[in-house]
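*Asks:* Let me give you the structure first, and then I'll get to my questions.
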Amino acid sequence: MFGFGKAPPKTAREQAREAKREIAHGQRDLEREKMVLERQEKQLILDIKKAAKDGNQAGTKILAKQLVQVRAQKEKLMVMKVSLGGIGMQASAMAAQQTMVATMEKTTKTMVAANKQMDMSRIQKTLMEFEKQSELMSMGQEMMEDTLIDAFDDDEVEEDLVVDQVLAEIGLDLHTQLADAPTQSLEAMLSQLPEAPKQSPILPSAALKQ
């Protein structure tokens, strides 16, 4: 709490902003003084030319001395203006550093509070349970794939048995025929079977009596 009539301390950014304003104001003042000196410089040059033309050597020397002083003063103003610009940059850099430090302090406090709220044992238990369930899911998927493969294998075996049974019913042993003639087609083997004897039609009982 701040007492009555006491303003809260300014932040680094606010201080840097104020410093920039003061520096900019100072640079403008220096620029105005420089313009005044430049006008004086131009006037002195005109006066020196006039005095030299009139043959006034003493006046020419005095004016030349003043010109040297004006130019020296102008150079000092330029140096001061550049120096103020450097001070402004330093103020901005210091404000940025203070802002960064303040941000790091806040972030550190937040991280400390978050770490205190974290239950490491609970997190470890959750990770272990996740790993366990992942392994179970992987095992279940492998079992399902194996079951499907076995089912397809059983279908192929059953199909082979049905084919053998059908061929056996018509008097053809497929395995024997294939062993004897591996290049012979199934149609060719079937064509070699003897034809079944034709049965005579069954006559009605009335026809037999005749």
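Including glycine, each Cβ sits where the backbone N, Cα and C put it.
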*Asks:* Looking at 1-30, 121-150, I want to know which stretch TrEMBL calls region 'Disordered'.
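*Replies:* Residues 1-30 are the ones TrEMBL records as region 'Disordered'.
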*Asks:* Residue list, the compositional bias 'Basic and acidic residues' (11-30) vs rest of chain: Cβ under 8 Å, 6 or more residues beyond ends.
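*Replies:* Tertiary neighbours of the compositional bias 'Basic and acidic residues' (11-30) are 77, 80-81, 84-85, 87-88, 91-92, 94-95, 98-99, 102.
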